[in-house]
Each structure stands twice: as C-alpha cells, then as structure tokens.
Amino acid sequence: MSTFQPGQATVFHAASEIAQLTRAWRKLARPVVLVPTMGALHAGHLSLVTQAKRIPGALVVVSIFVNPTQFGPSEDLAAYPRTLETDVEKLRAIGADAVFAPAAEEMYPHGPRTMITPGPLGDILEGASRPGHFAGMLTIVHKLMQLSHCTHAIFGEKDYQQLLLVQQMVTDLNLDVQVIGSAIVRETDGLALSSRNAYLSTEQRELALTLSAALTAGAYHAGQGPEAVLAAAQAVLEAQPSIAVDYLELRGAQLGDVDPRGANRLLVAARIGSTRLLDNVGIDFGSEEVTGQPRPS
Ligand code: AMP
C-alpha cells in the first residue's frame, strides 16, 4: 500500500487501494475530483489538474492509463508514449493528491467484457473514423468514476465529442458526478497541445499548424454564416494536400444540426504522416443579422 500524503501525487497501482482512499475521503463529506488521462502529460493536462484543485477541499485524483479498449487494431496502442515517472513529477509540482496508474490486467482482469454503448452521438465524427473507440472510452471512464468515488470529473474540450459523450453517460446512467469541461490549451503558434505531437518531425509540426489555422480562418468568417465558415476552413486545409483530412464539420454545440443563430462547433481531424490529430473551435453566430462582413472570433 502506498503511503498517502496530500499534494504529493502519491501513486496507486491497485484499484482496491485508490478505492479505499477515495471512499475514506468521501466519508469526510469532501469532494473527489477525477482527471482521467493517458499520461505523457503536457500543459493541457496540467490545466485540468489546476482547475480541479480550485474546488474547495477536493482530493484530486489523476488517472494515467493507456486504455487498450479504446484503440483499434491498427492504432498506436503499443507506440503510445508512456512516461509515468516524469508525469508524476509534473503532478507533484502542481500539487495533485493521488495518481492512479493501473496495469491493463488490473482494469480488465477478465478482458473486455461488459461495455458501455455510446448511442448515436458515438457514431459520428470520431466514432465514424474509429469504430469501438467511444465504447472503450466510456467503459473506462465509468470504471474510473466508480473506483475513485468522484463527485466531479474534468475533461478537455480538446476532445469535444468525448466530453459530450461523458456528459451524456452521466445523465443517461444517473451517475452522481458533475462533469466539467476545460478550454483547449495551445502552443503560442496555435497548435493544440497533444501527447501525439511528440510523434511529429519538425516539418510535420509545421504542417500540423494548418489545423488550427483552418479553424481560425473559419471562425474569422462567422459573420458571413455557416457556408463561409466551412469554405474558409476548407481552403486552408486544401492548400496543404499532404494532410489527409478525416473530417471537417460544422455542427451545433451538442453536435447536432448547425444553429444559424447560436453556438456551434467547427471540428477537424486529420492525419499528418501516420499521426492523427484533432482540433476544434467554438463558432457563435449569435442573434445578430449576418452582414457579410468578416469578424474576428
Ligand atoms: P488524453 O491523455 O489525451 O486522453 O487526455 C486526457 C484529458 O486531457 C482529456 O480530457 C483531454 O481532452 C484533455 N486534453 C488533452 N489535450 C488538451 C489540451 N491541449 N487542452 C486541454 N485539455 C486537453
């Protein structure tokens, strides 16, 4: 059993041990905030932890688990960066309380068996490109929520569809957890931070900037309506034919139909070499008249 010290990012590998700690914390009527990650932590992940620490009296539990059930057979499960030691150092530096880093056998002692079905929201965008991904993601998030006895769970808008699906699961399965979304953290040049950025060569990283540039171009045309937003983003992507775009879609904020007078989301997924990257941005058409004039978002 690890000796727990608040703020010291104490590492737990056993499900029973993290469950024991968090159950005891809940008995004191104090919140437990779960921050699920796959590790290889960067400033985007750390911003979620910082947000978690703002909840008064909270025990902040960061899970680090490269979840096999959310990877397809031809995806990067084996290659995914695993940097537990430096991750724990980063978490200790910002005062996370506990780190739950189980082995795959600890989470799936019987292999993948009972799974959560995402429903139609899981079939579009990422779900269409990565069959089974969201069933694996929701299953592990549910298990982590149960084991951590969390009152709150924080997810990045970077994985926007994931955030909505977790919110939907909490509603549909009557889970007593408050799901909190957190803004995307970017490099100064606009690239959204991602553990998979580590796969990019210098030239590929330059090319990767096209994704955020396309979204920015789209957002800049919000004043001209949905078609102009999509066309502007599309033009930026098409100027770089070596980028294999999986999808570029404008959808309503809940990922349904576009709301021509309200909040929407412009989402992109693309492959640069063998690295698949995601990004998205909010597009608000507001209630004002469409003037034909571009406006910065
Ligand atoms: P991952 O380790 O990629 O599974 O991500 C763990 C959590 O961190 C998810 O909720 C992600 O949405 C979030 N996250 C990843 N990258 C960023 C980012 N650049 N900004 C904000 N949150 C992020």
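Cβ from N, Cα, C; glycine included.
What TrEMBL records for His45 is active site, proton donor. When secondary structure is read from DSSP and collapsed to three states, His45 (active site, proton donor) falls in the helix class.
In the structure as shown, the Cβ atom of Val185 (ATP binding site) sits within 10 Å of 18 other Cβ atoms. DSSP assigns Val185 (ATP binding site) to coil, not to a helix or a strand. Summarising the annotation, TrEMBL assigns ATP binding site to 38-45, 156-159, Val185, 193-196.
Less than 8 angstroms from the CB of Gln70 (beta-alanine binding site) sit Gly132, His133, Phe134, Gly136, Met137, Ile140, each of them six or more residues away in the same chain. Residues annotated as beta-alanine binding site in TrEMBL: Gln70.
Taken from TrEMBL, the feature (R)-pantoate binding site covers Gln70, Gln162.
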Of Met38, Leu41, His45, Gln70, Val185, recorded positions neighbouring ligand 1, Cβ under 6 A: Met38, His45, Val185
Integer Cα-Cα distance in angstrom, Glu157 (ATP binding site) to His45 (active site, proton donor): 11
Cβ packing number for Leu41 (ATP binding site), 10 Å threshold: 25
